[in-house]
Structure formats: structure tokens, C-alpha cells
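Participant: First the structure, which I've put down as C-alpha cells, then a few questions once you've had a look.
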Amino acid sequence: MAGKRDYYEILGVEKGADQDTIKKAYRKLAMQFHPDKNPGNKEAEEKFKEAAGAYEVLSDAQKRAQYDRFGHDAFTRGGGGGGFTDAEDIFSHFGDIFGDFFGGGMGGQQRQRRNRNEPRRGSDLRYVTEITLKDVITGIEKEIEFDTDKNCDECKGTGAEKGSQVSTCGTCGGSGQVVRQQGFFAMASTCPTCHGQGTVIKNPCKPCKGKGRVAEHRKIRLNIPAGVDTGTRLRVATEGEGGYMGGPPGDLYVEIRVKQHNNFERRNEDLFAELSLPYVQMLLGAEIEVPTVTGKAKLEVPKGTHHGDNVKLVGEGLPSLRGNRRGDIYFTVNVQFPEKLHKDEEKLLREIAKARGLNVTSEGGFFGKKK
């Protein structure tokens, strides 16, 4: 059995595509391969189901995060997601999307937009915050601020002034859509009277101007655990957009970005840095003090270290997000020569060269001429 195609490839979008781009790409494929437009075409039906399976995962923030990390394996061990058996299953799952194109008539089932007075969950929100490499080691509590919407307290989300009524739109009959027939297909568009809401407000609520929603500025404290990396997403339940008409709020997803450090390069839990050492310490070995992200530590340089060798400082890297280990720091050693030799140093080196049978320049050569 051939492996499953990449979901982003199926929809024809980049991996970093936003939800609007993903939704538009899926709509385009749904129109192209819809069974009503391709009666009896099994290949079109399979492509239709394939696109629906991809959209089911990529349109859900949690499922998409799992897929981005583990691929199809995220859903092969009871994880759920990405599977439809027939067209009716797809229609029931994505009725609101298809309704925009087919006037609610999908597979012989009449569908309507949600009533604005029906309780609905608020949307999920995305927030990006930046932390330092030191924060990755220690963890940090940060205060974040963002703007969102919630139900208007005055009208409780109805959009109507107290004591006035919300009536069903006479133009669309409450569906939020007007339908026109074009040959075999019934094509729908947003109702121009109620703008897709299905209801008409005669006396709008003044605080929210009839929208039923008001802006809200929110501050929350967020605990960022040690070991996170750029791209890590933290879910804060119920801190997203407020629900509609008493519905539950959405969630807040905070994406982490780690600032680049001046001295250290990160590779998973390990850190890498450059270290210049005098040739004598490299030859004879030494215990030296080196910088770390949070301070300083002692590093044992082995005897006979070569230029370009990596010397490891154990346990001074970054913690694992799961908390079961800590990485190391690798110092790439560069040989450091003195600008000028003292006479006794030069004498000793010449004696070493003579003992090893090495040909060197005469006295007053390279080091002797440098000022």
C-alpha cells in the first residue's frame, strides 16, 4: 500500500500557510472534484475525500501541530483525524464550507447558516512571544497582552436594544443566503439584507452598535516551561475569543521564539561556541574558566588538544522540555599564538625544535622582527 500524500501537498499550500489560505485552497478543490459535478467519477470522488481529510487536520490547530511534528504517524495510533469513508460523511463535517458554494444543497440535504442566537464557541487566538536562551534554561513567567472580542454585556450578544426584538430576515427566510439557479447547480451568495446573519435588528444596541460583540483588552500571566524552542506552541485553555450567545470561549495558542545568543549556537539541547586557547595549554592540558549562558564554569582541556577539536562541558547545555536530561556545551578550540615571544620563551622553543630535529628560522626572525 502506497504511503499517504502530504496534506500540504494535497491542498497545494505552503507549510506555513495561514487558515484563510488553507480554507480557500480546500474550497477550490471541493468545487473541482465535488461528486455532483463529477457523477460516477470514482477518481474525482477519491480526490474529493483526500482533500477533505487533509482539511480536517490542517484546519484544526491541535491536529495540525501534531501533524507538523509527527506526520501521518500522529493519527495511526488512535490519535484520530484525517479519515472519511463517503461523501455524506464529508458533507456533514464541512457543511458550512460547502454551503457558501452550493446554497445549502449538498447530497440532497438542505443546510442553513447558523442562527446568530445559537450558542457558539469563540475562535482560537494565536500570539507570538520572544524569550532569551537563559529563559529556556530557567523557565519564565511572562505577562502577555492582547485584544479580542466578547459578547456585549448590554445586549447579551443579541445586538438588539433592551426590550426590542430580533426578527427573521424576510429576504432569505433566516438562512443568511440568497440562492439563484444556474442550470444544474443552485449557487448561493450572502444575503444583502442581513449580511448572512439570518436576522434583522430594528433597534440596534448602542454600546456594540448592533454587532453583539465588543472589543476587550486582556492581560494574562503565562508560565513558559524550561526547554522550549522556537516554534513550540503552548495552549492556554479558554483564553481565546469569547463565545457567542453563552457558548464557550476559544483557546489561546502562544508560539515561542527564542532570541539568537551572541556566543552560543543551539542544536537541540546542546550548545556550541568558539574558544581561543594559548598553544601551551592545548599541548599540556589545563583547567580553565569558561562562560555559560547563566554564568561561568570550569572546563578541563585535555593534554594534546588540537586546533578545531571540540571540548565538552557536561550538563551545562539546555534542559529537555520533558525534563529528563540536560544537554552539554561543546567548545571548538582555536589555537592562540602570542604576539611576541620573550627571549627565554624563544630559547626554550629552539631547544625543543633542536631536540626534535626541526629546522626553524634563525634568531631575530619572525617573532624578533615583530614590533
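Easy rule for this one: first residue shown is 1, then count along the chain.
Glycine is no exception: its Cβ is also placed from the backbone N, Cα and C atoms.
Residues or ranges marked as domain 'J' in Swiss-Prot (evidence: sequence analysis): 6-71. Feature annotation from Swiss-Prot assigns region 'Disordered' to 104-123. The zinc finger annotation in Swiss-Prot covers 139-217 and is backed by sequence analysis. Here Swiss-Prot flags 152-159, 169-176, 191-198, 205-212 as repeat 'CXXCXGXG motif'. Taken from Swiss-Prot, the feature Zn(2+) 1 binding site applies to C152, C155, C205, C208, supported by sequence analysis. The feature Zn(2+) 2 binding site is assigned by Swiss-Prot to C169, C172, C191, C194.
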Participant: Report, in whole Å, the straight Cα-to-Cα distance of C172 (Zn(2+) 2 binding site) from C152 (Zn(2+) 1 binding site).
Facilitator: 26
Participant: Cβ within 8 Å of the Zn(2+) 2 site's Cβ centroid: which residues qualify beyond C169, C172, C191, C194?
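Facilitator: Here the nearby residues are G170, T171, G173, G174, S175, G176, Q177, V178, P192, T193, H195, G196, Q197, G198, T199, V200.
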Participant: Residues with Cβ closer than 8 Å to the Cβ of C169 (Zn(2+) 2 binding site), same chain and 6+ apart in sequence?
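Facilitator: In sequence order, the residues whose Cβ lies under 8 Å from that of C169 (Zn(2+) 2 binding site) (at least 6 apart) are G176, C191, T193, C194, Q197, G198, T199, V200.
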Participant: Could you break down the residues of the repeat 'CXXCXGXG motif' (191-198) into DSSP helix, strand and coil, giving a count for each?
Facilitator: 0 helix, 0 strand, 8 coil
Participant: Highest CB neighbour count within 10 A among the binding-site residues C152, C194?
Facilitator: C194
Participant: Given C208 (Zn(2+) 1 binding site) and C172 (Zn(2+) 2 binding site), what distance in Å do their CA atoms have, once rounded to a whole number?
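Facilitator: About 24 Å separates the two Cα atoms.
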Participant: Report, as a single number, how many Cβ atoms besides its own are within 10 Å of the Cβ of C155 (Zn(2+) 1 binding site).
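Facilitator: I count 24 other Cβ atoms within 10 Å of it.
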Participant: On average, what pLDDT score does this prediction assign to the repeat 'CXXCXGXG motif' (205-212)?
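Facilitator: Mean per-residue confidence for the repeat 'CXXCXGXG motif' (205-212): 88 out of 100.
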Participant: List the Cα distance (Å, whole number) between C205 (Zn(2+) 1 binding site) and C172 (Zn(2+) 2 binding site).
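Facilitator: Cα-Cα, rounded: 23 Å.
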Participant: For the repeat 'CXXCXGXG motif' (169-176), jot down how many residues DSSP puts in helix, in strand and in coil.
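Facilitator: Here the numbers are 0 helix, 0 strand, 8 coil.
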Participant: Do any residues, 6 or more residues outside the repeat 'CXXCXGXG motif' (152-159), come within under 8 Å Cβ-to-Cβ of it, and if so which ones?
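Facilitator: For the repeat 'CXXCXGXG motif' (152-159), the nonlocal Cβ contacts are 116-117, 166, 201, 204-208, 210-214, 244-246.
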Participant: Which residues, same chain and not among C152, C155, C205, C208, have a CB within 8 angstroms of the centroid of the CB atoms at the recorded Zn(2+) 1 site?
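Facilitator: Going along the sequence, the neighbours appear as D153, E154, K156, G157, T158, G159, A160, P204, K206, P207, K209, G210, K211, G212, R213, V214.
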Participant: In whole Å, how far does the CA atom of C155 (Zn(2+) 1 binding site) lie from that of C172 (Zn(2+) 2 binding site)?
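Facilitator: Their Cα atoms are separated by 24 Å.
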